[in-house]
Amino acid sequence: MKSAEIREAFLRFFEEQGHTRVASSSLIPNNDPTLLFTNAGMNQFKDCFLGAEKRAYTRAVSSQKCVRAGGKHNDLENVGYTARHHTFFEMLGNFSFGDYFKRDAITFAWTFLTSEQWLNLPKEKLWVTVYATDDEAYDIWTKEVGVPAERMVRIGDNKGAPYASDNFWTMGDTGPCGPCTEIFYDHGPDIWGGPPGSPEEDGDRYIEIWNNVFMQFNRTADGVLHPLPAPSVDTGMGLERVSAVLQHVHSNYEIDLFQNLLAAAAKAIGCSNDGQASLKVVADHIRSCGFLIADGVLPSNEGRGYVLRRIIRRACRHGNKLGAKGSFFYQIVAALAAEMGEAFPELKSQQAHIERVLKAEEEQFAKTLEQGLRILEQDLAQLKGDVVPGDVVFKLYDTYGFPMDLTADIARERELTIDEAGFEREMDAQRERARSASAFGMDYNSLVKVDSATEFLGYDTTEGQGKIIALYKDGQSVDQLGEGEQGVVVLDRTPFYAESGGQVGDSGFLQAGAARFDVRDTTKTGGAFLHHGVVASGALLIGSPVEAKVDADVQHATSLNHSATHLLHEALRQVLGEHVQQKGSLVDSQRLRFDFSHFEAVKPEQIKQLEDIVNREIRKNTPVETELTDIETAKAKGAMALFGEKYGDTVRVLSMGGDFSVELCGGIHAKRTGDISLFKIISEGGVASGVRRIEAVTGAAALAYLNAAEEQVKEAAQLVKGNRDNLIDKLSAVLERNRQLEKQLEQLQAKAASAAGDDLSNAAVEVKGAKVLAARLDGQDGKALLALVDQLKNKLGHAVILLGSEHEGKVVLVAGVTKDLSSQLKAGDLMKQAAAAVGGKGGGRPDMAQGGGVDVAALDQALALAVPFAEQGL
C-alpha cells in the first residue's frame, strides 16, 4: 500500500467506528503557549481531554502534521543518519473524550492492523507492551484479543521515579495521566535488536508502530493517583513507520513518499541518488520547511522562525556538500506539493510563496556560507583535541549565521563534538549585554499595584466624571499631589484610552475644582488606567471628584491612523500573501507604523497596490462596526486574532468595509472609513530578519506630505530651469552631462598623474640597491594613486613606493612593491604601518596595498615610514 492509501484507510476505518474526521491543526499551536510546534495528534484536543472544551463529538480521528525540531524534542543532528529520525512526520490518531476506553481502543487497533479488509499484518509479527501494573489491559490483550504471553511485555518504572516509565504517560508533574500500551512490529532476525524491555531494545528489529494512551487518573501534588470520572483515549501511529512495514523496507527513507522526494532532491542538486545521508537530510527538511512556511512561519533569528532558518540552512549545507551550484532547495517544493498536496491542500495553494521564501533564504545564506566554512576549517585545523570550543561555535553563529547544530553537523563528519555549554555561556553573555543596553528608568506599570479596576467610557465620549482612587509619585503611593509635581492618577471611571494594541495612550487634562492635572500619557496595569502627567495648578487629593477631558483632536487623528492600520493589514495579505502577520504597530496622531512578517523588501509596484486598495476602501466610506461576542464566534466569522495575544471570554470584533477587514481590537477607531480621507505610505524597510516595517500618514498629514513633495518637485524643476512636465528630461540631461565631465576629469587626472610620475621617479632614494619613493599628492583619490603606483613600478623597476593624499578631508594611501622584491618586502605590511600612523587601517597583496585614515596632520609622518621599512627588510 502507498502512504496516501494507508492514511485514507486509517481515517475511513475509524469513521466506520463512529469517529468524526478532524482536519490536521496548524503546526503553530493555538491553545498551548508551552509548545514551539505541534508535535502530536492530541495537541489540538488538549482542552477536550482537560474538560475545558466540549465539542459536538466524543470520538475523533485525524492525520496530524507534526514537527519535532528545537526545544525539548530536538533530533535535528540525527536526521539523515538514522532510519527513523525526522523533523516532520505524520501522526495518525484516534481519540475518545470520555466515550470508549481500553477494550474498544485495543480492539480497534488490532482489527485495523491485522484484519484482511484493512492492513492484514501477520499477527505473529506483532508484540505488545503494557504498564507493569495494568492488569486490565494485559488481560484484554491475552484473554480477549489472543496475543500469546510470550509476545507480551510488562514495562515498569524504568526512568528512576514512580510512574516514570515508557508505558506511563503524564502531562506534567500533576494533572491527567495514565498507562499506555504499545504495539511493536518484528522486522525479523536479519535485523539486529531485541524485544521491548530487553537490553537490545534500541536495535531496529522491533519497531513501535502504535501507542494507545489511557488517560485514567489525575495526579495531585502529593503524587497520589485519583481515578478520572470520564477516562479518555489518545492514540498515535506514525504514518512513515507503518508505511515502511507495509512496503517491506527497513528505513523510512525507502518508502514511496520519500523515494519521490529523494529523486526530486537529486535532480535539483545535480547528483546521483545513492542513499547518501546528505540527500536524506534534504528530502526530510523540505517537508518540515514547506509545511512550516505554509502555516505562516518565516525565517528569522528568534523562536519558530529561527528553528525554520536552522533547518533550511542545514539542508543548504548538505546540498552544497553534494555539489549543488546556486539555489536548489526551493526547486523541490513542486515535488512535495505533488506528493502531499492532496491530503494537505495548503501545499498547493501556497507553493509559489513557499518557493519564494526558500529561495530568498538560500540566497541570503549563500553570501556567508563559503566564508563561514573557510573560517571553521581554519579553526578546526588549529584544534587541539576533539571538541570545538564554544567561542568558535558562537563566532560562527553571531558573525556568519551558522546555527549551533549546523556547526555540530560539520564537526560530527570529522568525528568531533562541540562545546555546547561554552556556546550557551557566550549566548548568555550576549543576552546580558542586550539587557544592560536596554535598561531604562522607572516603569510605573510594574510598580503600581491597584486592586480596583477603572471603568472605560472612551468608546462613546471624550469627556466624563470620575473619582480619584489612587495617586503615585516616584512609584510610591501618596495621599496628594501638589502643584508642579509629576505623578500618576488612577480614576474609577475615565474616557482616556490606555496604550494598548499599538495605539498610544490619550492625553488631555483632569479638573478637580481649582486643581488641574495635565495628562501626558495613559497606560494600564491590570484593570487600572494610569494617567501620567503633572499638576499644573492646585493639589489633587484621593477621593476628589474630577472632570476628565481627552484632547479630542489628537485622539481623532490617532483613531484615523489606527483604522488605517486595519485596512493596511488586509491589503498586505491580499498583495503579499496570507502569510503576512502583524508583528507590532505604533499608532499616534502624526503617523502609523506597522511591522509585519515578510521575507523580502516590498516592491515599488506593490507599494502602489497597497495604497490603491486602502484608498479604495476609504472612498467607499463604509461604517466601522463593532460587536462584542465570544472568541469562538468571532473566529468563526473570520476575525483575525493577533498571535500570542491573550483574549478574555468576551472580545470586541471590529469590521471595516463589510467583511473586508475583520479583526479583534479594543482600540479607538473612525466612525466611517471615509473619515480617514487619504492614505499615503512614506517608507518601507526591514527591522529584523523576516520582519518588514511600513510607515504611513493619513488625512491632513497625508495631504501635507503630498504638498511638501509637490514643493520639492517645483524647487527641483527651478534648479534645472525646467517645469513639472519636462523635469525628468532635464534631470536626465544634467546627469548625462555630469557623467561626461567626470570622464573628462578622470582623463585629465590620468595625464596629470603620468606627468607627475615622470617628476616623482627622480625623487626616489636608493636603499641597499632598491629605489624607495614616498610622496604626497593632495587632491588625488585612491584610483588615481593606484594608477600612479603601477606607472612608477614600471619606471623604477626595482622599488618600494608609498603615496599619500588628503582627499575630501581624509587620508588616502597606496603602497606598491615590485614583484622581484615582494618576497622580502610586502606592500600589505608597509600599508598596515602607514595606515596606523594616520589613525586608520589598510592591507592588501604583497605587491599592492591600499589604506587610509582620519589624521591628516600625521600624513607626512606616515610617508616617512617607507625608508626605514625598506632598510629593515632588505
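Each residue, glycine too, has its Cβ placed from N, Cα and C.
Taken from Swiss-Prot as is:
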BINDING   HIS562, HIS566, CYS665, HIS669  Zn(2+) binding site
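Sequence-distant neighbours of HIS669 (Zn(2+) binding site) (same chain, 6+ apart, CB under 8 A from its CB) are SER559, HIS562, SER563, HIS566, VAL624, THR626, LEU654. For CYS665 (Zn(2+) binding site), the same-chain residues lying six or more positions away in sequence with a CB closer than 8 A to its CB are GLY501, HIS566, ARG652, LEU654. Each residue in GLY501, GLN503, SER559, SER563, THR565, VAL624, LEU654, MET656, GLU663, GLY667, ILE668 lies on the same chain as HIS562, HIS566, CYS665, HIS669 and has a C-beta within 8 Å of the C-beta centroid of that Zn(2+) site, without being one of the site residues.
In the shown protein chains, 28 other C-beta atoms lie within 10 A of the C-beta of HIS566 (Zn(2+) binding site).
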